[in-house]
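Before any comments, here is the structure.
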Amino acid sequence: MDDFDRDVDNELEFSAKSTKNIKVHATFESMNLKTDLLKGIYGYGFEAPSAIQSRAIMQIISGKDTIAQAQSGTGKTATFSIGMLEVIDTKSKDCQALILSPTRELAQQIQSVVKHLGDYMNVHTHACIGGTHVGEDIKKLQQGQQIVSGTPGRVVDMIKRRNLATRNIKMMILDEADELMTKGFKEQIYEIYRYLPPGVQVVVVSATLSREVLEVTGKFTTDPVKILVKRDDITLEGIKQYHIQCEKEDWKFDTLCDLYDSLTITQAVIFCNTKVKVNWLTDQMKKANFTVVAMHGDMKQDERDSIMNDFRTGNSRVLISTDVWARGIDVQQVSLVINYDLPTDKENYVHRIGRSGRFGRKGVAINLVTKEDVDELRDIERFYRIRIKEMPVNVNDIM
């Protein structure tokens, strides 16, 4: 199911200023959605709209530019997917909606959510991502895809090759907008936007919306509806957060080895800041006879797919990764996240540890810190208004 966690949802508080004129819909029926879409929503396992869904879906359907802020676990993917599916004309084969995501995995996952929600609607949707054969994209697009979910590089390439016609696109969705804007996709998004018809509806969805993102999206949007979460609710409830003080960087490895038995109780993700570090740590763990798998952005797509598949099915239990994994990928069993390195970008902290409390499961996040990292840890605490306690001696007490 989409990234929905009822505990997290119940904790959400929206900024009164941003939502005061927005009607809250307590049921999907009250939205007057197409019957086939409603069947897809219930078939997918939703019973009632989440907090963000009850506010944002109807704004999207009304055609207004919309900026919706909601963290992992709130059903935000389904929010824009439902809004989009309601306005799609299934009789036309033309591309009518374009979703842009910062990672291939997220683009594929969104396509899967759209497919499931649109199960009874005969909707054609395609994931247009790098790392796959261009010929396959061209073939699929020629067959007619009403919804395209993709990464900016491949999408702009398909538009320039004239394989993706933009004249009937009525909605552009930017998912994880903060990541799209800050990780070098800004120019490609501007370029894509220039190819779209004037007056195209823009929907911006993200867990964190910095002032910079709001300024940039201001260039695309006209008088947007803003549905914003209060800043102090942005960290995930239900995640216990700890730090372990390590005398020096080299000692982090021994600390991790001591924790390994606890890691494999369920499944764990270990985050490093660079692919070099991911490869180094993976080699060290394997040399010490620990079973781990690794993933980072430089791997070929089929290799990443295979690793993700093994991890999803539980064949592998410990994944070492860079932030490429931190956004939008659902693995239900993950209940422990270890930050071997603290994230260089404070806003990525919520994306990393947000993995571990999905689907109402309580999670644990452990941060390994040296003296040099202490200031960074304090910055994270201030940013999210949280306290990251020192880890108890017996790790099993917290699992």
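All positions are counted from 1 along the displayed chain.
Any Cβ shown, glycine's included, is placed from N, Cα and C.
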Quiz prompt | Of 26-54, 84-112, 113-141, the range Swiss-Prot labels motif 'Q motif' | solution = 26-54
Exercise. Can you dig out which of the ranges 15-18, 175-178, 231-234 Swiss-Prot describes as motif 'DEAD box'?
Key: 175-178
Exercise. Take the motif 'DEAD box' (175-178) and average the pLDDT across it for me.
Key: 87
Quiz item: When a 10 Å sphere is centred on the Cβ of THR77 (ATP binding site), how many other Cβ atoms does it contain?
Solution: 27
Exercise. Could you tally the C-beta atoms, other than its own, that fall within 10 angstroms of the C-beta of LYS76 (ATP binding site)?
Key: 26
Practice problem: Would you mind checking how many other C-beta atoms are within 10 angstroms of the C-beta on ALA70 (ATP binding site)? | Solution: 27
Quiz item: Helix, strand or coil at LYS76 (ATP binding site), per DSSP?
Solution: helix
